[in-house]
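One structure below.
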Amino acid sequence: MAGASTSRKSYGRIFTLLRDHNKWFENSIPLIASENIPSPAVREALISDFGNRYAEGWPGERVYAGCTYIDMVETECMKLAKKLFKAEFADVRPVSGVVANLAIYSAFSDPGDVMIAPSIPAGGHISHGRKEHSGTAGLVHGLEVEFYPFDAKSMTIDVDATKAKIIDLEKAGRTPKIAMFGGSLFLFPHPVKELAEFMKGRGMHINYDGAHVAGLIAGGQFQDPIREGADTMTMSTHKTLFGPQGGLVLGRNEHAEGIKKAMFPGLTSSHHIHHMAAKAVAFTEALEFGKKYAKDVVRNAKALAESLSGLGFKVLGEDGGFTKSHQVAVNVLEYSDGGKIEARLEKANIIVNRQLIPGDIKAGRHYLHPGGIRLGVSEVTRLGMGTGEMAEIAELMKQAVTERGDPKRLASKVKSFRKPFQKVQYCFDKKLPAYEYVKLR
């Protein structure tokens, strides 16, 4: 009986914590660049019975029975993805952006091959990383990873230095098999067009990791990697592309079979069918509302960056206008380190993440206490905020970072600021409040 009592208490506590989390975000300013808020329709798809089913393989070629409606939804999902990104081929099965990248590694390289990618302090993602850093490319697939030369002033890849490095690698018999563009700190477009011909002339497969900027690409507000020369494009589906957590691979028909085999049976069994259905819903929303949303996101990011700079913050990328994406990067070393600033802001219910920035590793700073913070405006934009609100957010951040006033009082200000912004915009159905806890028991 004691065990039953304990389990019952845990049962109740879990749901209490879930409700508390929703209430917290209802009263916070969410600025995590890798997050967004799904529409009520996407949430509805996520709780469908699809989440209880298996559908191994490709539509029409399943290992299991009972997939009639799953196949129809997945076929529609692929059709929508291809339309959204103007792609010949789409595989909607990756359960994350990391799995999407693994599909590329598996399909187009072998362990021991070389890949060139952005380093983490230069904005690269851990899935692009070396084995010694526990990066997916090195640790899981056995790739030897070289890093692009990076221009810290312009916050993008140095084209001429990259060409020189690849020539040196070629002379050493280490021509990269894969060139990876994209990253997790991604302020400006990467030079795909400028490097594509040079890379393809050396037999390199070009992949563009659009995890962060997929929604901006779909909305015509960033760059167009496939038209610029990328062979394939990977992404997650829950950042600027406002769907459920998941991944997606795009490419040309000539790449389809390799990707399909990598995904199944290589990397997935069930591919979380309810998330696939929710992706399909999100793609319809992106096709209908994505252009305006992407434009508003970029406008808001620039407004937030300019407001922070005007308040004395050292915002990275000033020479290029601070940002052309949803992100803003700030060097906070004059106040403290990124970890401590993240904690100060969280006390005020302003949610950001610490960020390694160029120069950190050479200075001996690591991920727990880096020199910067990263901000993203995807979620606050979807809640209906505009450039005026970005100026208010900058002022609230200044108060929190400089510790002017009581954190509890500042959290109360944040709560008042958030009160008018409680519905998801850029979607077909706005009935359910964005963070309302839906009780099914």
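All positions are counted from 1 along the displayed chain.
Cβ coordinates come from backbone N, Cα and C, glycine included.
Residues or ranges marked as (6S)-5,6,7,8-tetrahydrofolate binding site in Swiss-Prot (evidence: sequence analysis): GLY124, HIS125, ILE126. Under a cutoff of 8 A between CB atoms, and with a sequence separation of 6+ in the same chain, the neighbours of ILE126 ((6S)-5,6,7,8-tetrahydrofolate binding site) are ILE120, HIS133, SER134, GLY135, THR136, SER184.
According to Swiss-Prot, the site 'Plays an important role in substrate specificity' annotation covers HIS238, on the basis of sequence analysis. Under the DSSP three-state reduction, HIS238 (site 'Plays an important role in substrate specificity') is assigned to coil, being neither helix nor strand. In the structure as shown, the Cβ atom of HIS238 (site 'Plays an important role in substrate specificity') sits within 10 Å of 28 other Cβ atoms.
Counting every protein chain shown, 28 other Cβ atoms lie within 10 Å of the Cβ of LYS239 (N6-(pyridoxal phosphate)lysine). Per Swiss-Prot, N6-(pyridoxal phosphate)lysine is recorded for LYS239, and the stated evidence type is sequence analysis.
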Original post:
Other than its own, how many Cβ atoms are within 10 Å of the Cβ belonging to GLY124 ((6S)-5,6,7,8-tetrahydrofolate binding site)?
Top reply: 28
Original post:
For the recorded (6S)-5,6,7,8-tetrahydrofolate site formed by GLY124, HIS125, ILE126, which further same-chain residues have Cβ atoms within 8 Å of the site's Cβ center?
Top reply: ALA117, PRO118, ILE120, SER127, HIS128, GLY129, GLY135, GLY183, SER184
Subject >> HIS125 ((6S)-5,6,7,8-tetrahydrofolate binding site) versus HIS238 (site 'Plays an important role in substrate specificity') - Cα distance in angstrom >> reply: 16
Original post:
Can you tell me how far the Cα of HIS125 ((6S)-5,6,7,8-tetrahydrofolate binding site) sits from the Cα of LYS239 (N6-(pyridoxal phosphate)lysine), in Å?
Top reply: 14
